[in-house]
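Q: One structure is given below, represented as structure tokens, and several questions about it will come after.
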Amino acid sequence: MVSNKNLLPIIYIFFIILYFGDVAKSQYFPLDKGATCQKYRGDSPGIQLCDGFLSNPNSIYINSTSSQEAIQAQGNLVRQYINFYKSFESCKNPRTFALLCAFLFPECEKYTDPVSKVTYAYPILPCYNNCLNMTTSCQISTSRLSCATKYTFENISYSVFPKNTTTYQIDSLSYTNTCENTDLIANSQNTSIQQCFEPLVYHVSTDEIHDKSIGYIFPSTNTTCVVGCPAPLYYANQWRNIYRLSDVLSILSCILTLFLVITLGIINPKVSRFDKINVMLLSSIFLQAFSGALMTFNGTENTLCPEDGRFASYIDRMCVATGFLLHGSSLLVVQWWCVLSFEVWFTIFQVGKKQKDRFIYYLVASLIIAWIPPIVSISKNEYSGGPANPFCWLTTFNYRRFAFWLPMGIFLCLGGVFLILLMREIYVIVSGNVQSTKESRFKVLKMEAKPIISLIMYFSCLLYLFIYDQWINNHMHVYTDSIPSYALCLLTSTSTNDCLLKAPDITGLGYFIYSIRVFGVYAFIIYGISKKTLQIWKYNYFVVFIGQKIEQFTNATTTAKSSNSNNSSTTNNISVKASSNMEYETRQENENGDSQSVELDSNSDAL
């Protein structure tokens, strides 16, 4: 962490030596006839300095050897130090900043020599009493900063902070001007004080340990600024892209897995042993995706950053709910993936033998193993957001290790073993010499092709999640060690938005999000786009019933249109043939009666 004790002298040096030396030189006009009166250029974006704290921003004094940009950079540094540290809390008031700005950019006036007709620019310096009040409120001792400091040049001493007036030596003449009372500026301005520069957020802590536990992150000790949320690990647009990726995949996986659960588990007329396992795997994936969908509906950034400058913690219900759900469902996913890998391998290995239905044992064991760790974690207030987390997760590494990665790693290894055994069986099938056994096993292999593909796809995602998390934990010191450099960047950079902590590559984090949210999409590609799914929906009772209703409605509409057409034609015929005799009408009725008899006979045969 950055030491406040080491930084305090720097501030005083800036006040007394670095900038005072420049400005002191500039007030002796025989030495600086190139000084000018300029209009204040305005503060740097996101960094409040002197906007609203100048008596006359349209006319400020700038000497010939300096520039507004250079002076502003020094002023920003002093202002950053004052804002950053709690030791200067009493300095954060309009009077301090009015004095600072009157010193950095003194009001400029012009004087024209009546003899030489040369116009000179000269500054109106802040008064001694204003400086004295500032050192008192900031609790700065006179040994570090004396308001009686004088600058001597060519055997003439000038006060940096004049008590009443300043005499300017202009050629052979002298010109006297009253000092500027900066308290009048402070009392008349309505500008609110920017306590911390972005991306830091102002927060006065009375109990830093408690504040850290509820989501505040302090970049240094003895500071009133906390790290903004989202954390400055990536740029704002990069965080938005990460959140957008998570939202889209969560909603998509949620919808697709819900469709598959309904298809294979509810409307499926013949639920097989593998269908039961797949339904449980898909239900687990649905819960996993639903945890992300909850964040989406609540606003992902709002969930992870419930307050400005505070990351989500155990006191935020939505964060806790999504973390708890993600924890349990992820353990369910890896368990049912392991069960599926075992069942596929064992079915091919024991081809021709009747398999027992072990579903109820799998169900009871998986529920116990999956939900005990989350229950323990939630009782210990372990779920929270964090600087690098795109979702709410376990806070401490030990809980992540024993409550999640230990069971996850065990089932990942077991599933990997079954996957290797499955590959061996495939090799045996391909290279086997016994034709009958080869044909029967190849038939089973063809039937289990999709479960095999799904196992490989799930395994690749789960393995990446495991490797990435372990790598992050092993390199955490890289990010924490970058905090002092980050704090220094905030204090010295002209654009604080360019200051970032060291972070994992954004591509790796993006693929991490992809891997944890994409399971539902993979499942739909494998099981949703299939002949079996089409057949289940095609012959489903409700689909058939709705289809019949639509067909009846279509037929009725067609018949009605045909009847209307016939009636219209008959009406036209009557009007045209109104003079026809009764013999013709009788003959038409007889012909109609014969045709109706034929139609009835045909319907009877069909029935």
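Placed from the backbone N, Cα and C atoms, the Cβ positions cover glycine too.
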Q: Asn381 and Ile426: same side of the membrane according to Swiss-Prot?
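A: Each on a different face of the membrane, per the record.
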Q: Could you tell me which of Cys101, Cys108, Cys127, Cys254 is bonded to Cys179 by a disulfide, according to Swiss-Prot?
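A: In Swiss-Prot, Cys179 forms its recorded disulfide with Cys127.
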Q: Can you tell me which of these residues Swiss-Prot lists as N-linked glycosylation site: Asn298, Asn555?
A: Asn298
Q: Please work out, from what Swiss-Prot records, which of Cys37, Cys50, Cys138, Cys147 forms the disulfide with Cys108.
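A: Between Cys108 and the options Cys37, Cys50, Cys138, Cys147, Swiss-Prot records the bond with Cys37.
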Q: Given the candidates Asn63, Asn573, specify the residue that Swiss-Prot annotates with N-linked glycosylation site.
A: Asn63
Q: DSSP secondary structure for Cys101 (disulfide bond), reduced to helix/strand/coil, please.
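A: Helix, per DSSP.
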Q: In the same chain, which residue numbers or ranges, 6 or more beyond the ends of the topological domain 'Extracellular' (473-508), come under 8 angstroms Cβ to Cβ?
A: 1-2, 44-47, 73, 76-77, 80-81, 84, 197-200, 219-220, 231-235, 238, 242, 387-388, 397, 400
Q: Averaged over the topological domain 'Cytoplasmic' (352-358), what pLDDT does the predicted model reach?
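A: That region's mean pLDDT is 80.
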Q: Excluding the flanking five residues on each side, which residues at least 6 beyond the ends of the topological domain 'Extracellular' (298-330) place their CB within less than 8 Å of a CB in that stretch?
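A: For the topological domain 'Extracellular' (298-330), the sequence-distant neighbours (Cβ-Cβ under 8 Å, at least 6 residues beyond its ends) are 200-203, 213-217, 226-231, 239, 243, 246-247, 284-285, 287-288, 290-292, 370-371, 373-374, 377-378, 381-387, 389-395, 403-404, 408, 516.
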Q: If you skip the near sequence neighbours and keep only those at least six away, which residues in the chain come within under 8 angstroms of Cys108 (disulfide bond), Cβ to Cβ?
A: Thr36, Cys37, Gln38, Asn56, Ser59, Ile60, Tyr61, Ile62, Ala121, Tyr122, Pro123, Ile124
Q: Given a 10 Å Cβ-Cβ cut-off, pick out the one of the disulfide-bonded residues Cys37, Cys101, Cys179 that has the most other Cβ atoms nearby.
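A: Result of the Cβ crowding comparison: Cys101.
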Q: Quick check for the class: what is the C-alpha distance, in angstrom and rounded, between Cys50 (disulfide bond) and Cys127 (disulfide bond)?
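A: Spelling it out, the Cα of Cys50 (disulfide bond) and the Cα of Cys127 (disulfide bond) are 18 Å apart.
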